[in-house]
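Visitor: So TrEMBL lists the following for this protein:
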BINDING   B:Asp32, B:Thr47, B:Asp78  Mg(2+) 4 binding site
BINDING   B:Asp32, B:Asp78, B:Asp214  Mg(2+) 3 binding site
BINDING   B:Ser48, B:Asp49, B:Asp126  Mg(2+) 1 binding site
BINDING   B:Asp49, B:Asp78  Mg(2+) 2 binding site
BINDING   B:His56, B:Glu290, B:Phe346  substrate binding site
BINDING   B:Gly125, B:Asp126, B:Arg152, B:Ser216  ATP binding site
BINDING   B:Asp217  Mg(2+) 5 binding site
DOMAIN    B:30-143  domain 'PurM-like N-terminal'
DOMAIN    B:156-332  domain 'PurM-like C-terminal'
There are 2 protein chains.
Amino acid sequence: MKLAELGEFGLIDRIKANVAASPSVLLGIGDDAAALSPTPGQVTLITSDMLLEGVHFDLSFCDPFTLGKKSLSVNLSDVAAMGARPRHFLLGVALPKDVPLEFMDGFMAGMLEQAGRYGATLVGGDTCASKGGLAISVTALGEQRPELVLKRSGARPGDLICVTGTVGDAAAGLKQLFAGVRDGFLVARQLDPTPRVETGVALAEAGVVTAMIDVSDGVLQDLGHICEMSGAGARLELARLPLSEHYLAYCGHNDHAPLALWERGGGEGAATGKLPPGHDPFALALSGGEDYELLFCIPAGKESEVAAICASVNLPVSVIGEITAGTGVQLTAPDGSSYTPPRRGFDHFGAD
Amino acid sequence: MKLAELGEFGLIDRIKANVAASPSVLLGIGDDAAALSPTPGQVTLITSDMLLEGVHFDLSFCDPFTLGKKSLSVNLSDVAAMGARPRHFLLGVALPKDVPLEFMDGFMAGMLEQAGRYGATLVGGDTCASKGGLAISVTALGEQRPELVLKRSGARPGDLICVTGTVGDAAAGLKQLFAGVRDGFLVARQLDPTPRVETGVALAEAGVVTAMIDVSDGVLQDLGHICEMSGAGARLELARLPLSEHYLAYCGHNDHAPLALWERGGGEGAATGKLPPGHDPFALALSGGEDYELLFCIPAGKESEVAAICASVNLPVSVIGEITAGTGVQLTAPDGSSYTPPRRGFDHFGAD
């Protein structure tokens, strides 16, 4: 069945039928606007992301279910990075007319399953026809007590820089997808990222975090955002970057020992700050976006408390550096030398 | 200057510099999410619309300033149709890489001027590159006391159906644009609609309205939404449809007397319910969308109160029919016969 047979309002009704009621939603899908009842004493956190076919996703790389799931996950990740609980979301979708109804059914199933997992209710949005590719816009809302909201701007010199999980996986997964690989750990990290909602909320409620961001543009660029907003600098120790065994294997480090490889293969690189191409496990881990891990700062001495919080949600956490009184992010290679990355991160309007 | 030279984050900084602070915005542009402080005792109304180049707008028809203004106006209109005051909005924009910076400057100037006029503050969003055309997504938030929110679902048999301003103008303006006309009243109604914010709020606060919607899909379809959501029917009297003199002139009714023309030219049409093509002033007024007038229902006897409210904001209002106990919308031609429209309204996935 094609969407043209169902029609715009038929599609909206079909979506609406699968959305559960929520006490905070006074009026959901089907009016000019949704009416939401804010929780007294809490602030509303709101974020919006667009995902465009050919820019953010390739339909030959993923099934509709996973695309729907990811489209919500990247927005939930932004809510989590504020230390807030997701509550509601809106979906805008521009669909080519020849999209089969099954595509939308799969897309919505993935999105609504993920929404249910994290307590977010679909309350409205927009559906329209696209003359180009598929375009998706998600707006997510969360709530938190104002004093617990975690901004990018609170980092202070001496704070430790932490990151959850591992980094570089999603970027490596994207490279694998372009090379024809369609499954495995790295590909799953790219296509189906996990928003760190429980962790973000637990960290906020523990009151130990001074600044937080999610890793969407790459560790280096996202840490740069924290530094800029906090009026501080940072020193990052590459040896402490959490890299998955899959990522290391992808980089050719089958012994899972980047430090050994650095020492073995990086004689020239150690001097220039650049390892030979294909042998540097840090470049992609620093610049690669879309891991959707949490990057955050804590006062020195709070490591064990943070480790306990992350352990309680079964998520590894690593201290990777320190906030400094300077500006910009300084990188220290495993041998103690200064490291210059080949690229810093993703800019949508950049040349490459 | 091209966007590529400024970069994604340079563009965000440039936009941010033109946004005024607001007491309800604890955290605006530049973090993972915005933090908004809801007004105690009020509910949040939220709506989102996408506008795509080639579907919703044609860059050869309008300047960037007017496009930015309209992109916000259509969302403010949805907030107004709930009887709510606009408060905040988010902007997602996907830009072709060759868009000149001047385009974005003009677009933002129009959007922010309109935002200021209606008390809405830009709090966040997303900018990214587009490989297709320009894509815009706006999410608007408003507030109102819960008991004053105006839904589509409250119309009761016997209620009078009212509409502000005139209808059909925007659809006629679009036809003129396609015919090469670039200015005039009708074109302005299409490119630069006025969201009826003051009127929507005043009607809500007067407590006289049982159901409301904005005319975005056309009077017939939008009235159909009220009927469907209210479990009622409607009878619309075409002779009472408010048509502007510009609209009537466009339809070939230079004497501004549609009824006279109906009687003069519609001998055959009156019998079949169809006037000869090009002579029916009602078809486009019923099916044409984007007038962004308010269509609402009031209990019988409240006409003068509503007329006074609309007069206080200098907006004409017309009673155009009555809610019935049936289903669907029945149309009565000026001669009392039943009228069948050639098309009902706009469906994004429809064949035409």
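Glycine residues also receive a Cβ, built from the backbone N, Cα and C atoms like all the rest.
What TrEMBL says about a protein is an automatic prediction, not a curated fact.
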Visitor: To the nearest whole angstrom, state the Cα distance for the pair B:Asp49 (Mg(2+) 1 binding site) and B:Asp32 (Mg(2+) 4 binding site).
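Guide: Each residue's Cα considered, B:Asp49 (Mg(2+) 1 binding site) and B:Asp32 (Mg(2+) 4 binding site) end up 21 Å apart.
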Visitor: Can you give me the same-chain residues 6 or more apart in sequence from B:Arg152 (ATP binding site) with a CB-CB distance under 8 Å?
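Guide: The answer is B:Ala211, B:Met212, B:Ile213, B:His225, B:Ile226, B:Met229, B:Ser230.
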Visitor: Could you tell me which of the binding-site residues B:Asp32, B:Asp49, B:Glu290 sit with their CB under 8 A from some CB of chain A, listed in sequence order (or 'none')?
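Guide: Cβ contacts with A, in sequence order: B:Asp32, B:Asp49.
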Visitor: Around B:Asp126 (Mg(2+) 1 binding site), how many other CB atoms lie within 10 A of its CB?
Guide: 23
Visitor: Which of these binding-site residues has the least crowded Cβ, counting other Cβ atoms within 10 Å: B:Asp32, B:Asp49, B:Asp78?
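Guide: Among the binding-site residues B:Asp32, B:Asp49, B:Asp78, the lowest count of other Cβ atoms within 10 Å belongs to B:Asp49.
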Visitor: Specify the nearest of the binding-site residues B:His56, B:Asp78, B:Gly125, B:Asp214, B:Glu290 to B:Ser48 (Mg(2+) 1 binding site), where nearness means the distance between Cα atoms.
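Guide: Closest candidate to B:Ser48 (Mg(2+) 1 binding site), judged by Cα separation, is B:Asp78.
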Visitor: Would you mind reading off the Cα separation of B:Asp126 (Mg(2+) 1 binding site) from B:Asp78 (Mg(2+) 4 binding site), to the nearest angstrom?
Guide: 21
Visitor: With DSSP assignments reduced to helix, strand and coil, which class does B:Asp126 (Mg(2+) 1 binding site) get?
Guide: strand
Visitor: Name the one residue among B:Asp32, B:His56, B:Asp78, B:Gly125, B:Glu290 whose Cα is closest in three-dimensional space to that of B:Asp214 (Mg(2+) 3 binding site); these are the binding-site residues.
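Guide: Comparing Cα positions, the candidate nearest B:Asp214 (Mg(2+) 3 binding site) turns out to be B:Asp78.
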Visitor: Let me know the model's mean pLDDT on the domain 'PurM-like N-terminal' (B:30-143).
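Guide: Value for the domain 'PurM-like N-terminal' (B:30-143), mean pLDDT as a whole number: 96.
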Visitor: Report the nearest neighbour of B:Ser216 (ATP binding site) in space among the binding-site residues B:Asp32, B:His56, B:Asp78, B:Glu290, comparing Cα positions.
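Guide: Among B:Asp32, B:His56, B:Asp78, B:Glu290, B:Glu290.
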Visitor: Looking only at DSSP and grouping its letters into three states, which state does B:Asp78 (Mg(2+) 4 binding site) belong to?
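Guide: The residue in question, B:Asp78 (Mg(2+) 4 binding site), is helix (DSSP, three-state).
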Visitor: Least buried of the binding-site residues B:Thr47, B:Ser48, B:Ser216, going by other Cβ atoms within 10 Å?
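Guide: Candidates: the binding-site residues B:Thr47, B:Ser48, B:Ser216. Fewest Cβ atoms within 10 Å: B:Ser216.
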Visitor: Just to be sure I understand: of B:Asp32, B:Thr47, B:Asp78, B:Gly125, which binding-site residues have a C-alpha no more than 10 angstroms from the C-alpha of B:Glu290 (substrate binding site)?
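Guide: Within 10 Å of B:Glu290 (substrate binding site): none of them.
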Visitor: Give me the CA-CA distance between B:Gly125 (ATP binding site) and B:Asp32 (Mg(2+) 4 binding site), in Å, as a whole number.
Guide: 10
